Number of protein chains: 2
Amino acid sequence: MKPMNIGLLGLGTVGAGTYTVLSRNAEEITRRAGRPIRIVVVAEKNLVRANEIVKGTCRVVDDAFAVVNDPEVDVVIELIGGYGVARELVLKAIANGKHVVTANKALLAMHGNEIFAEAQKKGVMVAFEAAVAGGIPIIKAVREGLSANRIEWIAGIINGTTNFILSEMREKGLSFDSVLKEAQRLGYAEADPTFDIEGVDAGHKITILSSIAFGIPMQFDKAYVEGISKLDGKDIRYAEEMGYRIKLLGITKRSNAGVELRVHPTLIPAKRLIANVEGAMNAVVVQGDAVGPTLYYGKGAGAEPTASAVIADLVDVTRLHTADPEHRVPHLAFQPDQMVDLPILPIAEVQSCYYLRLRVQDEPGVLADITRVLADEKISIDAVIQKEPGEGEKEADLILLTHLISEKWMNGAISKLEKLPVVVGKVTRIRMEELGK
Amino acid sequence: MKPMNIGLLGLGTVGAGTYTVLSRNAEEITRRAGRPIRIVVVAEKNLVRANEIVKGTCRVVDDAFAVVNDPEVDVVIELIGGYGVARELVLKAIANGKHVVTANKALLAMHGNEIFAEAQKKGVMVAFEAAVAGGIPIIKAVREGLSANRIEWIAGIINGTTNFILSEMREKGLSFDSVLKEAQRLGYAEADPTFDIEGVDAGHKITILSSIAFGIPMQFDKAYVEGISKLDGKDIRYAEEMGYRIKLLGITKRSNAGVELRVHPTLIPAKRLIANVEGAMNAVVVQGDAVGPTLYYGKGAGAEPTASAVIADLVDVTRLHTADPEHRVPHLAFQPDQMVDLPILPIAEVQSCYYLRLRVQDEPGVLADITRVLADEKISIDAVIQKEPGEGEKEADLILLTHLISEKWMNGAISKLEKLPVVVGKVTRIRMEELGK
């Protein structure tokens with residue numbers, strides 16, 4: 001049977017991994033797909049590296065546009081990253097009637113609506129399993145495996161760098177800065193780690209998951225994104241004493257008022273399976289109304305795990321490309337004319353429970369003053385720990401866990417707490433999620 | 001657009017759940033599938049119950065053959081169970097050119113080869129996501145999500161009843177018999193629990209997973225199946241002291257010699273995520289050569305979780321039924337002409353590590369005698385615990401963990417150990433798996 005001809009854009013880590021896995025497992029993949037899937041041309045600026053990898057098994061060019069315009073190419077794999085030239089290349093490939101497979105979450109979160117609309121017009125597929133949680137087939141699970149369900153919420157550890165840092169901070173009692181350096185040395189964090197540690201990467205991924213869960217357009221600009229760079233190791237310890245772990249979660253939830261879309265450090269009960277996901281691993285919990293909670297776990301990055309997702313998309317495209325476009329799985333899980341425009345809630349409107357840490361004077365009546373402020377704001381307290389002051393100190397840490405309350409009310413209460421004479425400095429606030437019973 | 005017309009066979013727990021979820025989420029499901037999916041006829045012996053559930057929204061008949069012969073029906077859902085009349089009905093539905101969705105693992109494990117061959121001839125789909133691990137989309141993950149990988153092994157907690165029993169035995173320190181009674185009272189175990197507790201149900205499911213992982217025919221008759229009814233609570237405690245949990249696992253593994261296919265109580269490191277799956281929940285770990293380990297977790301039984309999988313299959317069939325059969329996902333993951341006939345290894349040829357518990361005389365030289373026998377059989381010891389005898393007892397428990405060894409060598413060693421004068425009674429042997437690094 002005629003092979004499926006692939007044009008590969010970018011031969012970095014994931015590109016090289018894709019080449020390697022496609023070659024090594026060619027026989028197994030052909031047995032599954034029903035026809036060979038072969039890379040016929042690679043575009044890579046570093047021609048020396050490219051030729052060392054492909055060793056003459058396919059053409060190598062340095063102009064990516066030559067690949068998307070190449071009549072021999074059936075499917076373009078976009079692994080260049082970013083959303084400048086990558087967007088142009090993807091749109092050009094679509095315009096040329098080629099299917100596209102991409103791992104580019106930033107591109108989809110920012111320009112997905114435009115890209116999927118163009119793909120729809122041209123009747124081609126844009127597949128993106130590798131864009132969220134690397135090798136975990138989470139796009140397929142949400143879009144196809146759970147299609148019977150009204151999805152209620154999704155919460156995921158979808159950035160390996162930050163989960164590695166949080167795991168090390170907890171296990172070794174180290175500070176954020178020292179673990180970040182270690183992560184950079186080990187290759188778990190980039191030289192410029194901003195996108196990971198400030199939650200932007202997780203924000204792109206939860207934007208994509210939110211879209212396919214609820215059938216809404218990609219709206220990354222409305223996501224609330226808060227990273228872990230200001231997280232104090234102290235809070236990880238105190239959380240643990242109270243039976244919680246702190247994880248950087250991407251969360252999206254449907255309520256009557258709209259859709260929550262947020263990334264932030266989150267306390268979750270230590271006994272939840274997802275709380276025990278350590279190191280650079282990823283895991284996503286999806287709550288459906290019929291199925292209840294389901295969890296998907298695996299490697300969220302790296303050459304071969306990401307290649308696994310890229311190639312699964314190639315097999316899907318190979319199996320489905322002759323089907324009528326209207327009988328394929330819709331790009332965003334729902335039929336294009338069935339998307340809805342639920343509003344994304346501003347973070348001030350989101351309800352959650354809170355962990356609060358206050359630095360307080362070690363004197364009588366402090367707890368009474370503080371709990372009075374919270375009571376006045378109708379905030380119920382679930383648990384309190386008052387720490388003894390350190391040797392020779394006159395101040396102590398006070399930790400409070402609250403019941404469910406709107407962020408805007410919590411903001412008001414925190415302002416008032418910070419004005420109390422017994423409270424020293426700023427109040428630390430971390431959101432909490434139960435994630436099921 | 002013309003609705004997809006469904007004939008439902010059996011309105012028991014899962015049948016009623018399927019009816020309920022399809023009705024409740026009709027709008028959401030139509031938004032995804034692109035056309036309505038509606039039950040037009042139900043076959044159920046208990047007409048009173050059936051009419052109470054469907055309340056006149058579709059036809060109710062007591063003859064299941066009338067449904068599979070009904071020209072209005074596009075897809076038949078088989079939820080009757082067993083492999084007598086269910087087999088006849090499924091084959092008849094296929095012969096009539098209807099697609100089939102089934103949750104019947106026993107039927108597929110016993111007669112899958114025949115059923116898929118007939119479906120292939122007629123160009124219809126037989127979908128079976130609900131047959132393994134209930135609501136977890138594990139069939140889809142293995143068959144599509146991980147299609148880039150050479151699957152190395154799968155290990156799963158795929159029977160909720162036994163996992164509930166093992167969790168209760170460990171947490172509450174109770175015996176198998178008393179927990180089984182409790183499980184029956186709570187509805188987690190059947191009145192006749194044999195299929196669950198003796199590992200037969202898990203055996204059916206791992207047979208199906210093995211087939212789609214390696215592209216081999218269903219061979220349940222060659223599976224090794226051992227349940228938990230003889231498991232002593234003592235071993236759960238000792239395992240825990242050594243950092244392990246005991247789970248009933250379905251395991252299938254590819255080695256150079258052939259395919260392992262087995263169900264038995266298994267010690268696994270307590271720190272593995274799957275070791276922390278408690279109660280009636282299911283979880284499956286799939287190890288692929290590119291992706292590494294991935295884990296899938298959720299409810300493995302119950303009305304709505306199973307309905308979630310049944311309906312996901314209906315949506316898949318709706319999306320794909322107009323595609324050419326050769327462009328659909330193959331039933332058993334590999335193209336029908338690409339199946340291979342790897343031999344299933346007899347359990348005697350399987351290698352694993354072992355937990356051994358011996359009842360020994362409390363006298364000098366015992367450990368020397370026992371370790372000598374193992375050394376003679378070239379069995380390396382990884383850990384030993386010798387317990388003190390109980391108050392007034394002259395015998396003590398000795399626990400050994402061994403390195404990797406063939407079962408046949410272990411059988412020989414155990415025979416010799418049982419002949420030692422210092423060893424009292426039978427040696428208890430439980431297999432161990434590391435399940436990753």
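Any Cβ shown, glycine's included, is placed from N, Cα and C.
Annotated features in TrEMBL:
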ACT_SITE  A:Lys205  active site, proton donor
BINDING   A:Leu9, A:Gly10, A:Leu11, A:Gly12, A:Thr13, A:Val14, A:Gly15, A:Ala16  NADP(+) binding site
BINDING   A:Lys105  NADPH binding site
BINDING   A:Glu190  L-homoserine binding site
DOMAIN    A:355-432  domain 'ACT'
Local confidence of the domain 'ACT' (A:355-432) - pLDDT mean: 95
Environment of A:Leu9, A:Gly10, A:Leu11, A:Gly12, A:Thr13, A:Val14, A:Gly15, A:Ala16, the listed NADP(+) site - residues of the same chain whose CB lies within 8 A of the CB centroid: A:Leu8, A:Gly17, A:Thr18, A:Glu44, A:Leu79
Per DSSP, three-state class assigned to A:Gly15 (NADP(+) binding site): helix
Rounded inter-Cα distance in Å - A:Gly10 (NADP(+) binding site), A:Lys105 (NADPH binding site): 15
Separation of alpha carbons, the residue listed as 'active site, proton donor' and A:Leu11 (NADP(+) binding site) (Å): 23
Residue distribution over DSSP helix, strand and coil in the domain 'ACT' (A:355-432): 24 helix, 33 strand, 21 coil
Nonlocal residues around A:Val14 (NADP(+) binding site), in sequence order (Cβ under 8 Å, 6 or more apart): A:Leu79, A:Ala103, A:Ala130, A:Ala303, A:Thr306, A:Ala307, A:Val310
A:Gly10 (NADP(+) binding site), number of other Cβ atoms within 10 Å: 24
When distances run from the Cα of A:Leu9 (NADP(+) binding site) to each of the recorded positions A:Lys105, A:Glu190, A:Lys205, the nearest one: A:Lys105
Binding-site residues listed as A:Gly12, A:Gly15, least Cβ neighbours within 10 Å: A:Gly12
